[in-house]
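Here is the structure we will look at.
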Amino acid sequence: MDAVPLATPEEAWRIAKSLNYRHIGGTVVAVVQDVETGEVLMVGHMDPVAVVLTLTTGLAHYYSTSRKRIWLKGETSGHYQIVKEFRTDCDGDAVVLKVVQIGAACHTGARSCFSSPASFKIRLNRDA
């Protein structure tokens, strides 16, 4: 696995402290994309410690809002995410991780959590 730290611990904490953890459980939303294709693979949550671990190890870490703990993506499945880019949005309450996905991103075994077609159709009323 070719994970490379994206920041020193000091830089990582500076970045983590600059974010706005206003979402569930004191987290930022993390949108995960394939670095080559831009495909959205999953959405997760990160607390400050998950941000620091991600930046200092180069492997995606998340905060489980249900289990109330940090987890390393791939810790049980081996389906790691090697982080190549870490971006913050203008409000500091969301981040984008551009990753090399090892195996499936979704717990169902699918490459992406967004691979199922929508179960409903939306019709636009062009006359309105």
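Backbone N, Cα and C define each Cβ position, glycine as well.
For D89, D91, D93, the entry in Swiss-Prot reads Mg(2+) binding site. For C90, C106, C113, the entry in Swiss-Prot reads Zn(2+) binding site.
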CB-centroid shell, 8 A cutoff, Mg(2+) site D89, D91, D93, site residues removed: N20, V28, T88, C90, G92, A94
Least surrounded among the binding-site residues, given as D89, D91, D93, when other CB atoms within 10 Å are counted: D91
For C90 (Zn(2+) binding site), the same-chain residues 6+ apart in sequence with C-beta under 8 angstroms from its C-beta are none
Measure from the CA atom of C113 (Zn(2+) binding site) to the CA atom of D91 (Mg(2+) binding site) and give the result in Å, rounded to a whole number. 25
Name the residues of the same chain, 6+ apart in sequence, whose Cβ is under 8 Å from the Cβ of C106 (Zn(2+) binding site)? L41, M42, S112, C113, S115
